[in-house]
Amino acid sequence: MPQQWLPPIYWDGDAVAILDQRLLPQREAVIRCTSPKQVVAAIKNMAIRGAPAVGVAGAMALALGAVLIQAADARTFKSKFARLCRQVRTARPTGRNLGWAVDRIHALVEGNRDADVPRLHELIRREADLILAEDVAGNVAIGSWGKTVIPRGAGIMTYCNAGALATADYGTAVGVIRAAFDADPGIRVFSCETRPFLQGARLTVYELMKAGIPVTLITDNSIGSLMSRGMIDVVVVGADRIAANGDTANKIGTYMAAVLACTHGIPFYVAAPRSTIDASLPDGDGIPIEQRAPKEVTHFNGRRVAPQGAAALNAAFDVTPNKYITGIITEVGILSKPFGRAIRQALKA
């Protein structure tokens, strides 16, 4: 049976409330942010994560910060607001949605030349709310499109967490799973644990169980074995940034899963809103890859598991070349190869 759900981010009066995903699934605790600096900190320390959710958080941080700016006139306000936009934009580098949301609100402010400061406050808050609402509606549409590629009784594998916790609600890849399950409760879902931060084990399994959808947790290094045994029929993952040719940055290990899926003839789909597409990048070579602290690899639950002094690489993302991707599921339809042309058309829709 579905359980009560706490959204990952929402307004709590004049504060931004963020569900602390670092504590899940053991504890549900909310961080109440009263300044944009607190929201940025929550993004950086991964209390909130997932490209669409981070984009929404960035928009809400701007709305929160706008009313704190002391400015006697619109010109002064816009100058200070531009500085705030730069601070929020750089919170995490790989995901496209944060920069997209910040640029969208900044352009709105710059485009309203006759608005006074109170009016600008109103416009910023309204746009942040619209970004949140659009994300949820887009995710539901992604799910509706995505369920059409899921065979009846299929074994679906997903990686990391591209669910309600990674968005404003409902989810992208997990949104496809939700919609597929509603249409066919006979599907089987496999969630990779996703080391080292264990987003699959901690978050995807948590929210699927909350939704009443049966799920089996698997180790990352069992993907090939399960595929070879015919247990996986389709793979659906999310995305943090998609280049103009369809190359896709997602959680580290996605590339490995895509290669294995291709080897075994298994369809591999990326589910993401158009706001994740970065048309300024011709291919995945230009996608910035966030490097996180080695301690996330050398320690587990605060305890060292590697020898003292051991070196560790901890790239948070990798890039899957478009040749391994069967299709990109967006809110306006499923994009097929050649992705360059399909992406250009989707961005015009």
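Cβ coordinates come from backbone N, Cα and C, glycine included.
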Given that Swiss-Prot assigns ARG49, GLY50, ALA51, ARG92, ASN250, LYS251 to the substrate site, pick the one from GLN199, GLN308, GLN345 that the record assigns to that site as well.
GLN199
Starting from the Cβ centroid of ARG49, GLY50, ALA51, ARG92, GLN199, ASN250, LYS251, which together make up the recorded substrate site, report each further residue of the same chain whose Cβ lies within 8 Å of that point, ordered by sequence.
VAL54, GLY95, CYS160, ASN161, ALA162, ALA166, GLY238, ASP240, ALA316, PHE317
I'd like the number of other C-beta atoms within 10 A of the C-beta of ARG92 (substrate binding site), please.
23
Of ARG49, ASP240, ASN250, which recorded positions are close to CYS160 (site 'Transition state stabilizer'), meaning a Cα within 10 Å of its Cα?
ASN250
Roughly how wide, in whole Å, is the group ARG49, GLY50, ALA51, ARG92, GLN199, ASN250, LYS251 that binds substrate, by largest Cα to Cα distance?
17
